[in-house]
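Colleague: According to TrEMBL, the record shows the following:
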ACT_SITE  23  active site
BINDING   23, 210  Mg(2+) binding site
BINDING   24-28, 36, 40, 68-70, 72, 74, 191, 197-199  substrate binding site
ACT_SITE  71  active site, proton acceptor
Ligand code: IPE
Ligand code: IPE
Ligand code: MG
């Protein structure tokens, strides 16, 4: 059989890793005269949608910023409401996620979490560790600066112990000490709710991520919005400091 004469345009690249700053739950609730925690509850539906969307688009890594190192300063009732939602999410969704080939990984400072949540997370990670369809990274009690500080400390310990020479420290050594070791850097960072900042999210890993800001509030974000962000990514030219030639 002969080859087709018309040359086919290359398929646009599917991003390997999408990271999302899920913002706007509080404003979503406020606009409806509801307590903020109901906004967070509604946000869980959007999480479900986006996980499905990633699987159908063939995205291999999804990182969700669920709770920052600074979010601990919110009122106690809101913090415990968010932690309850996390418990509920893992308990309810683990079976479906595990069955669908999703691997769960949690990044952040676990020492601040309640013991039962730490156990739930450890169990979810263990149960899904061999899954390869999609890695769902949940950033929980996570701060990019904390992560880099902790990495510096471990590297300094290695140097102090004589196991590492200062001149051996390079980007790879630093990346190897981050919570995200083994996870490719995000191709896209999406932030909902119209805010245009990183709020201490993946500071090292986003060096060359494409930033996409969406006005929709997180509970209103769905699979079509994810697909639109991917399409926007595909229209951009990544140059990594080069000339793009
Ligand atoms: C994002 O929504 C969820 C978390 C930070 C946990 P917010 O709670 O920040 O919602 P807004 O920004 O107040 O609307
Ligand atoms: C960032 O949102 C953290 C998460 C989405 C988990 P925030 O609402 O906490 O960020 P700021 O305070 O507006 O920067
Ligand atoms: Mg917010």
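Cβ atoms here come from the backbone N, Cα and C positions, even for glycine.
Predicted automatically and left uncurated, TrEMBL annotations should be read as such.
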Colleague: Of all the recorded positions here, 23, 210, which one's CB has the most other CB atoms within 10 A?
Modeller: 23
Colleague: Identify, in sequence order, the residues in the chain of residue 198 (substrate binding site) that are 6 or more apart from it along the sequence and have a CB within less than 8 Å of its CB; answer 'none' if there are none.
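Modeller: Correct list: 21, 144, 189, 191, 206.
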Colleague: Name the secondary structure element type, per DSSP in three states, that contains residue 191 (substrate binding site).
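Modeller: Once the DSSP labels are grouped into three classes, residue 191 (substrate binding site) ends up as strand.
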Colleague: Using CB under 6 Å from any atom of ligand 2, narrow the binding-site residues 40, 198, 210 to the ones that qualify.
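Modeller: Going through 40, 198, 210 in sequence order, none turns out to be close to ligand 2.
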Colleague: Taking a cut-off of under 6 Å between Cβ and any atom of ligand 1, tell me which of the binding-site residues 69, 72, 191, 198, 210 pass.
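Modeller: Result: none.
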Colleague: In three-state terms from DSSP, label residue 210 (Mg(2+) binding site) for me.
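Modeller: It is in a strand.
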Colleague: Taking each of the binding-site residues 28, 72 in turn and counting other Cβ atoms within 10 Å of its Cβ, which one has the fewest?
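Modeller: Minimum Cβ neighbour count within 10 Å, taken over the binding-site residues 28, 72, occurs at 72.
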Colleague: Select the most exposed residue of 24, 26, where exposure means the fewest other Cβ atoms within 10 Å, treating these as the binding-site residues.
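Modeller: The binding-site residues 24, 26 were compared, and 26 has the fewest Cβ atoms within 10 Å.
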